[in-house]
Amino acid sequence: MGHLPTGIHGARRLLPLLWLFVLFKNATAFHVTVQDDNNIVVSLEASDVISPASVYVVKITGESKNYFFEFEEFNSTLPPPVIFKASYHGLYYIITLVVVNGNVVTKPSRSITVLTKPLPVTSVSIYDYKPSPETGVLFEIHYPEKYNVFTRVNISYWEGKDFRTMLYKDFFKGKTVFNHWLPGMCYSNITFQLVSEATFNKSTLVEYSGVSHEPKQHRTAPYPPQNISVRIVNLNKNNWEEQSGNFPEESFMRSQDTIGKEKLFHFTEETPEIPSGNISSGWPDFNSSDYETTSQPYWWDSASAAPESEDEFVSVLPMEYENNSTLSETEKSTSGSFSFFPVQMILTWLPPKPPTAFDGFHIHIEREENFTEYLMVDEEAHEFVAELKEPGKYKLSVTTFSSSGSCETRKSQSAKSLSFYISPSGEWIEELTEKPQHVSVHVLSSTTALMSWTSSQENYNSTIVSVVSLTCQKQKESQRLEKQYCTQVNSSKPIIENLVPGAQYQVVIYLRKGPLIGPPSDPVTFAIVPTGIKDLMLYPLGPTAVVLSWTRPYLGVFRKYVVEMFYFNPATMTSEWTTYYEIAATVSLTASVRIANLLPAWYYNFRVTMVTWGDPELSCCDSSTISFITAPVAPEITSVEYFNSLLYISWTYGDDTTDLSHSRMLHWMVVAEGKKKIKKSVTRNVMTAILSLPPGDIYNLSVTACTERGSNTSMLRLVKLEPAPPKSLFAVNKTQTSVTLLWVEEGVADFFEVFCQQVGSSQKTKLQEPVAVSSHVVTISSLLPATAYNCSVTSFSHDSPSVPTFIAVSTMVTEMNPNVVVISVLAILSTLLIGLLLVTLIILRKKHLQMARECGAGTFVNFASLERDGKLPYNWRRSIFAFLTLLPSCLWTDYLLAFYINPWSKNGLKKRKLTNPVQLDDFDAYIKDMAKDSDYKFSLQFEELKLIGLDIPHFAADLPLNRCKNRYTNILPYDFSRVRLVSMNEEEGADYINANYIPGYNSPQEYIATQGPLPETRNDFWKMVLQQKSQIIVMLTQCNEKRRVKCDHYWPFTEEPIAYGDITVEMISEEEQDDWACRHFRINYADEMQDVMHFNYTAWPDHGVPTANAAESILQFVHMVRQQATKSKGPMIIHCSAGVGRTGTFIALDRLLQHIRDHEFVDILGLVSEMRSYRMSMVQTEEQYIFIHQCVQLMWMKKKQQFCISDVIYENVSKS
């Protein structure tokens, strides 16, 4: 035997063999058998052999691959059979025989199909089918799953004396529900076989597994009896006395033939499962003879049974109801007056519903839950009669049992139980079957609640209110805060007392009549709201932490404290209550928590609530709050500089993330304390101050951050100011031997030292000791007559000398020289003449100013309409302009400058430059004049500005490829001044961006005015920033204003870098103020990196101007940008939305701020005209044009104030 193909012979025979499989269908006879060990044995018969030279091959298919086997070569005897070990049990295999003579097929082949036997079931479990144990079972079988194939399961069993078998296929994971058996039947010898089936050539093969598991047996539950009912009959007294001697002492009942009165009772209680009780071996037979009655019977029918509920209440009954001591007064009087006469109980029922196999009934009679009688009757009995010899509460139940066969005896499920009460007087009391309805709770206070309910029955005489705490068991015993209702407490009062605030309770109501108690009501759950905390206190621990402490009520139950805080969150820009911490409840009456990581100088509101265990949770109380403003952090003085008697102080506050815009910081208090104490209050947005301090003193400098409720002071900075030299030193009262020196003290000085020495003598003469004086005058004596001296006065403060102040003095000669008298007279006359000349000049100056106001400041004449084309030489124009600058500003008009500006040239509108210089000393009067008649003269000037640049071309902006790059179709860049991008793309328009160069105070391309980027142009915008090496971007708009998009958000939202084309932008830092924000960007392109500052002014309305009160804010912003620009290279990029209105106003203010620093005149008209010749519509509205004038007025006012503060006059003393 061998496998094919093998070696050379296998290769030689493979192709004919495959051809044979396709060609032939007829068969040669051969024999195939399947052994028990799953081996397939294939053997040749004598009739199969054609010649010993032929090759016989077997092909076996059925598994994932085909197998080929070759019979061994043989001569006179048949070859041994081929044995194939099948891997699968229960799988069909196809065996094909092929005969090959040499390389030629000489005999057709044929196929035989065999089916292997599946592996048997190893174990079986049978369970009741809980929804229907009378007819249903759950089968669970276990069998080998690997390599085991079957289609159905054969179930065999004996049903009583009948043998049954069936094929079942609805097994899932070895389990199935079979719901077709008979109730109460014993099913024995239950076995399971796996069945495998296969169909081949219209024939079906079937194989059964063996049975290797232990046979099982199972009895289904019988149905319970039907229509169980009982009647109670009062026996005739005489009959009872005759038979009283036959009562068994050990039993509370016996049989009785004589029947007195009978009554019909209706019991509707469900019966619990019958417990094992004492079976009475001497139970009397029931009597089925005729009964003598004295009244119409009343039947208790069980058809209207109530749900099973009485057994649930057994464990919660009060102890007082477990014996007969709880009988009513009527019952007690009855039992005291009469002896109990037994009553007759007649119990009847009907057989269970067919088909049910049963062998009898079990009767269970229970009295007072302590005494039990348990007996059995056959299947023919349907009535049971017994005498009840003792009063009490009785419970009856009847069940069906089945015992025939080899299975265990089994009872039916419990049917309905019947309950009633027999009083000592023989009176029966019907069981209560209705539960209370509409149970509700009304909480009267934090410790009291009132229960209410409704009931249709009126035959109950009391109620039981059962209360239990649901929260008590949720607490650890060591931390338990309540004791009263941890176990169930019963009461007959509708009012529940001694409740605990915060606890949750469950209440059940029962109706009671005598010892009988009805079914419970639906449970009602209610909770008592906690009373909340008390004495909430706050203790600050610095700028960023506080401690909260509080006490809780002595009486109360809760799960946890929840500490919340309310504040403005600068990260989310919202204010809301957030939970900070939760503290588990303890028995301690006090609690505290430390709250850290607070923002300094910030308003907080803290709240502590008590949360209960209930579901849902209750909390109290929102009024337990306390507010607080944290202290600011201490500022840090960073620089102190002193010059010109002014001390310049700078400081920082917090770190880069500290937010002042939303804090409760009010102002800074800068204090310099020396011999004098100088204070200055500084607004919170400014961190610099200038103090005018007298020199010569030692000062302790401090900066205090002040809020509404607290402050924090920086570390003291010691500053020692050197004493200043005396001011205005004079020599008076000169004599031949003495001179008096007089000076003015400058700053603080402890004393002054005076020295005098002779001039021009080889022998230096000076005072033996310096004269130290504390006053401002000293007389130097013992001088030589007619001698010149150099005297000096030095201030001393804190042992430090100042720079000495010198004066040359000469003593008087002994006799008066006549020439001196003449010279003195001439000097006096000259002084009078000079004074008269000064008075005359002052009068002329006033008249000149009056003439300037009358002629009208800023008047200009438009010669644009004149048809004249004349040009003057350049030198002439310079001379004219130089001459005009000498005239009063009221004469600086377009009329006089007509030849200089040359409006009649060929390119007049393009090159025309309107101008109107104004002296700053006259600027206030100029503004008043221009603002007359509703800003009429401003309107005239602005109308002239509209003519600038009308004929300047902008062809690139009109190209079809570039139109989509323009935010507004009427704001287009001029070709001659537009910014051109460097692009590798040679496509037309690739270099276009809506931006123009604007000349500045320092450079002809100091600014780039551009529109707010669009989503399509943000990449071009960053390319322009990189190529122009711009380090400052000024954004004068918000991305969205009045629900309209004004500009794309072209920078990253977070610190995560974002790629804009080939350029990556990363936001390094961001700082926001009330009116602006400063951002630091880092842009990267290949190996090139550049830092860019982004200044965003957010308080500027579109097409408008900031309010008059906000003018100082915008000037401060312009000054801040200018300070940064002096440190930067490349043009500043300025944009708003269109890039003309707010952009032009900002550029004008920045240029004027620099111009006024160095000059005392301005030409606003000429400046705006020049900007409009480089980009259209710069300074877009008349309001913006007027706003520039108002800002210039403010600039000049501040410059004059600075001059007044720093104007320290030193008088030079001439030589005598």
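Counting begins at 1 with the first residue displayed.
Heads up, the Cβ atoms here are built off N, Cα and C, so glycines get one too.
Because the structure is a prediction, the values reported are computed rather than measured.
Per Swiss-Prot, the residue annotated N-linked glycosylation site among N154, N790, N1096 is N154. Of the candidates N26, N700, Swiss-Prot records N-linked glycosylation site for N700; the remaining residues carry no such annotation there, which does not rule it out for them. For the domain 'Fibronectin type-III 4' (329-425), residue counts in helix, strand and coil come to 9 helix, 50 strand, 38 coil, using DSSP. Neighbour counts of Cβ atoms within 10 Å were compared for the glycosylation sites N201, N733, and the top value is held by N733. When the Cα of N733 (N-linked glycosylation site) is compared against those of the recorded positions N154, N189, N370, C1136, the shortest separation belongs to C1136. Closest to N189 (N-linked glycosylation site) by Cα-Cα distance, out of the recorded positions N154, N370, N461, N490, C1136, is N154. A simple way to gauge crowding: the CB of N461 (N-linked glycosylation site) has 10 other CB atoms within 10 angstroms, across all the protein chains here. Taken residue by residue with DSSP, N189 (N-linked glycosylation site) is part of a strand. Closest by Cα distance to N201 (N-linked glycosylation site), from the recorded positions N154, N370, N461, N490, C1136, is N154. Cα to Cα, N461 (N-linked glycosylation site) and N490 (N-linked glycosylation site) are separated by 16 Å. A distance of 51 Å separates the Cα atom of N154 (N-linked glycosylation site) from that of N370 (N-linked glycosylation site).
Confidence over the domain 'Fibronectin type-III 4' (329-425), given as mean pLDDT on the 0 to 100 scale, stands at 82. Counting in whole angstrom, C1136 (active site, phosphocysteine intermediate) lies 80 from N490 (N-linked glycosylation site) by their C-alpha atoms.
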